[in-house]
Amino acid sequence: MYDIKWIRDNSALFDQGRERRGLPKLSAELLALDDARRAAIAESQAAQERRNAASKEIGAAMKAKDNARAEALKAEMAELKAVSPALEEAERLAIAALDRALAEIPNLPLEDVPFGRDENDNPELRVVGEKPVFSFVPKEHFDIGEGLGLMDFEAAAKLSGARFVVNKGPLARLERALGQFMLDLHTGEHGYTEVNPPILARDDALFGTAQLPKLEEDMFAAHAGRVPQEAAGDLYWLIPTSEVVLTNLVRETILDEKQLPLRFTACTPCFRAEAGSAGRDTRGMIRQHQFTKTELVSITTPEEALVEHERMLTCAEEVLKRLGLAYRVVTLCTGDMGFASQKTYDIEVWLPGQGRYREISSCSVCGDFQARRMNARYRPEGGKTTRFVHTLNGSGVAVGRALVAVLENYQREDGGVNVPRALLPYMGGITTITRG
């Protein structure tokens, strides 16, 4: 979220950043809203100040036995009192209009983010690992899972509809093993603190990380019982990512600089409506309403944020290296960035069944964009004035897509799947998954 004072002082820079995102200029409209807000506040305050002054003048007039003056002032007071509610309402509406407009503005890209329109313009940063070579035509993950009798989309559809899956037996264990492996790696070697957070969150938490108000249509809401729509105060949201709850751990707090960086990780179910994905990845586990993801969140200072971004990317990459999966890293162009991001790296894992790379992790630096919405600050060492923290988030990595990658990269001609060496300690002696 941007400070209107910063926009007023840097209107050309603000508009240039929007244009790089492919968005129209907006500073003039925002400054007009701010002018209206200032005028409404000034008018309301002037009326209140006049009421206060008139009250004192009435006392002085009565003390001087100037009844005519006192009565005139009382009449003026009555008029001011009568218009006061309208002035206060105008002030409230003017403030709300500006706040609403500011809340819907995406973050601006850093200068080194490549310009582009969509994912086709994302430059490749590096390619890592060797793609497996098969003596047979590799299958896609859903054919492998269904062939094993362990991946059941029909049963899931009976329970919940489209874009759900039921994994069973050793395949379910393999998925659980992936999440455990990721948490152990990030907590044991990468310095993250494991968190087991709620997966239901309130409006203010999702506003803080900027899923609300812009991304509401892509989320699932939950009520206690069949609550009527007007009972919005009891509304919860199923988290689309544990970034929401991990980042909000510092909402409305003032940290000491020596506490930073804070690094959190969690492996949770996530829920997305996939509102804009009609017709895409309709079969399989690539794009589901419910999926498991291991999340990485860092809270740090402005000076260390970019270094922390590179570190987070390295931590996410290490998951794929340990699993022996080939991947590439791309930098998202200005037209493909997320709403809250200043800069994003995507890691795309190689899927031989599909014959292409698919996203398995996004690592983003957000600057103070989320911190301003959350009012999350820190006090520099030896300083009196507080500053906004900088926040980062990344997938470390998507567990469901990691399962897809393992199935496709470790498949065998007989339909079985070898378990990656890194996961063997979690599999209870299972080294190969075959049809039972």
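Here the Cβ of each residue, glycine as well, is placed from N, Cα and C on the backbone.
L-serine binds THR241, SER242, GLU243, SER395 as Swiss-Prot records it, and from the list GLU295, GLU303, GLU304 the residue named for this site is GLU295. You'll find the Cα of GLU274 (ATP binding site) roughly 18 Å from the Cα of GLU243 (L-serine binding site). Secondary structure at GLU243 (L-serine binding site), as computed by DSSP, is helix. Taking every pair among THR241, SER242, GLU243, GLU295, SER395, the residues listed as contacting L-serine, the largest Cα to Cα separation comes to 10 Å. Considering only the binding-site residues THR241, GLU295, SER395, SER362 (ATP binding site) has SER395 as its nearest partner by CA-CA distance. For the binding-site residues SER362, SER395, counting C-beta atoms within 10 A of each C-beta gives the highest total at SER395.
All chains included, 26 other C-beta atoms sit within 10 angstroms of the C-beta of ILE360 (ATP binding site). DSSP assigns GLU274 (ATP binding site) to coil, not to a helix or a strand.
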